[in-house]
Amino acid sequence: MTSSYLNFRNSIPWLILLLEALFLTGFYFLNSTADERFPVPDIYPEFQDVNHMVIFGFGFFLMVLRRYGFSSTGFNLLIIVLGVQYSVLVEDLVFFFMEAHEGVLRSLAKAVISLTAVVISTGAVLGKTNLLQLIVMTLVELIAFRVSRWINREFMEVQEHDLSLMHVHLFGAYFGLAVAFCFPEPSPRLDKNRSTPKSDLLSMLGCVFLWVFWPSFNSLLAGFKTRAVLNTYFALAVSAVSAFMLSALTTKDGKFRVTHIHSAILAGGVSVSYTAQTITHPWIAMILGLLGSVITILGSHCVQRCLNPPLKIHDTLGVHFTFGLPAVLGAFAQVVLLVIKQWTNSQSSYSLDYLVLIHVGAFCQTISFALISGFITGLILNTKLLKIIPVSKYFEDQFYWEVSFHVKLTV
């Protein structure tokens, strides 16, 4: 190891300690713990599920690389606990100057949902960033995510529940892709950029965690929670069945492929997140789950072979077809369902053209802002001050963790 990297590694604990001290100071002046003053619905059960989903689910879901398991899980936990504090502090600061407070528990729920976008983005640059780059990326993305939500709420008049969910997958996926565009591609012959049966099994375990808790994620801030849970579950069920069927049909020997199942069984939860509380017939959610699974599996072939090589984007986890494309499907489905609803409801106070323009504008703004802010963040992360690890040292745990010789051989 070079001396510059040793100095960098030794300075990380002090940087984290300084960041935590700033959070403590901010909470001392801004955060209110008198939750009884701000009555809100009891959302703790759903919040607990989402917390498990983000920490356990994504923690194992990211363990796809053979030599990057400790970093995938450990760094995921670290950026979540730092990011939640930071996000709640930003929410309190905004409420202090502009709005009425909604309560600490609701702010905490919004913070965990916002961190889901960050975790999705880290999947695109998994194994290519050091810890300091991940922390900086988390802080910048949370601010960009908040600004994008504010633009859509104030100027596009999008409801708060739609803001909390529609931005997560769409913003997280395209922000991460823009950041990945700024990183040099690893060599195709690099052996560390591969999975093993053990890492695939652990990643599938995380995928199952995400599948189980996804209905709570879509219903956490929903007004019609039962409807959101029902529609999300049916969409997830159909996408899981479709994933197994399509995986067997698209392989030469008719066997199931882990990468297909790993990506496509969650497509239903992503694609229905926009409309989970507004769909009145479960068969609509089931169709979205089917289409989401089809788009994910077919998109994995097209994106990896036709789109990423010309753009020189190395998407480690495949967040584009796992979260981005199903989110685009969900956004278009929302517009289609809105058109159908307006045609059947002659008493609506809004014109159809106006509502469609609002939702299309919010969709375009979200992707555009994610790409622009992600590209700027990627340029910042590749400055000499932050970029320490060369391309040849990507996807390695041993530069960050104390790994025994036995573990290195078996993993």
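Including glycine, each Cβ sits where the backbone N, Cα and C put it.
TrEMBL annotations:
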- 12-30: transmembrane segment (TRANSMEM)
- 25-394: domain 'Ammonium transporter AmtB-like' (DOMAIN)
- 50-68: transmembrane segment (TRANSMEM)
- 75-98: transmembrane segment (TRANSMEM)
- 104-126: transmembrane segment (TRANSMEM)
- 131-151: transmembrane segment (TRANSMEM)
- 163-183: transmembrane segment (TRANSMEM)
- 204-224: transmembrane segment (TRANSMEM)
- 230-249: transmembrane segment (TRANSMEM)
- 283-303: transmembrane segment (TRANSMEM)
- 323-344: transmembrane segment (TRANSMEM)
- 356-381: transmembrane segment (TRANSMEM)
**Request:** Quickly jot the same-chain residues contacting the transmembrane segment (104-126) by Cβ under 8 Å, restricted to those at least six beyond its ends, or write none.
**Result:** 31-33, 35, 38, 40, 43-44, 46-47, 50-51, 54, 58, 62, 64-65, 68, 72, 75-76, 79-80, 83-84, 87-88, 91-92, 95, 134, 137-138, 141-142, 145-146, 164-165, 167-169, 171-173, 175-177, 179-180, 183, 217, 220-221, 315-320, 322-323, 374
**Tertiary contacts of the transmembrane segment (356-381) (same chain, 6+ residues out, Cβ under 8 Å)** = 121, 129, 133, 136-137, 140-141, 144, 147-148, 151-152, 156-158, 166-167, 170-183, 331, 334-335, 338-339, 387
**Message:** Check for me, if you would, whether the transmembrane segment (163-183) reaches the transmembrane segment (323-344) - at least 3 Cβ pairs under 8 Å, residues 6 or more apart in sequence.
**Reply:** yes
**Request:** Tell me, roughly as an integer, the mean pLDDT over the domain 'Ammonium transporter AmtB-like' (25-394).
**Result:** 84
